[in-house]
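Novice: Let me give you the structure first, and then I'll get to my questions.
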């Protein structure tokens with residue numbers, strides 16, 4: 001089959017990759033901004049036309065619509081739009097209002113569950129927001145938790161205080177001896193602490209040792225500071241979007 005081009009329209013970036021029916025290849029990303037459409041064309045490249053274009057994400061409907069028009073204009077393809085449902089790919093969504101579950105979270109837990117059936121799965125997606133989600137061996141999505149990501153935390157400190165700078169997180173030894181280092185270390189170590197605490201709480205629900213997945217823009221930052229059984233899966237959301245679109249036909 002001709003590879004599918006899959007887009008995940010996130011809060012901070014437009015992520016994409018090529019789906020060959022088994023895995024996501026050649027991942028890329030374009031940050032949102034006034035010129036994102038100009039940046040997208042060279043980022044995707046001049047490869048042969050995709051067999052299909054899949055679009056999902058938590059960005060606003062207008063942006064998703066623009067992305068759909070780009071697919072039609074460039075490749076003459078009607079995009080496959082992915083949304084959250086009650087059931088997909090063997091996973092069940094327990095939300096009373098299923099659409100409230102972000103399609104990125106839905107896609108990530110579906111991809112994780114597909115990779116190892118009849119296992120407990122903990123899925124950490126570290127992006128603009130950090131999500132920690134639990135899936136049972138029978139495909140029941142048990143839900144999860146959401147908290148601000150590194151960039152949001154740093155922005156908040158910068159905007160809501162008189163003199164604290166906006167700084168990227170860094171795993172510095174603590175205690176630190178300067179305010180900038182205290183911010184860098186506090187955000188970095190705080191993210192890990194929050195993830196591990198949530199995982200421990202969720203394992204009281206799950207019981208057995210799960211498969212643990214780590215994805216999202218800050219996954220590389222966190223990977224070396226979470227237990228080694230966290231598998232770094234950069235294309236997890238894109239893979240889930242592709243599998244949902246395949247099942248929907």
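Including glycine, each Cβ sits where the backbone N, Cα and C put it.
TrEMBL labels come from automatic prediction, so no person has curated them.
Predicted, not measured: the structure shown is a model, and the values here were computed from it.
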Novice: Which residue of 84, 85, 128 does TrEMBL report at the same ATP site as 8, 9, 10, 11, 12, 13, 14, 15?
Specialist: 128
Novice: State the Cα to Cα distance, in Å, between residue 95 (substrate binding site) and residue 125 (K(+) binding site), rounded to an integer.
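Specialist: Distance (Cα to Cα, whole Å): 19 Å.
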Novice: Taking every protein chain in this structure into account, which of the binding-site residues 10, 102 has the most other Cβ atoms within 10 Å of its Cβ?
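Specialist: By the 10 Å Cβ neighbour count, 10 comes out on top.
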Novice: Do any of 10, 125, 128 (binding-site residues) have a CA within 10 A of residue 104 (active site, proton acceptor), and if so which?
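Specialist: Passing the 10 Å Cα cut: 10, 125.
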Novice: Restricting to the binding-site residues 8, 12, 14, 103, 105, which ones have a CA within 10 Å of the CA of residue 125 (K(+) binding site)?
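Specialist: Near residue 125 (K(+) binding site) by Cα: 105.
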Novice: List the Cα distance (Å, whole number) between residue 8 (ATP binding site) and residue 103 (substrate binding site).
Specialist: 9
Novice: Of all the binding-site residues given, 12, 128, 179, which has the fewest Cβ neighbours within 10 Å once its own Cβ is left out?
Specialist: 179
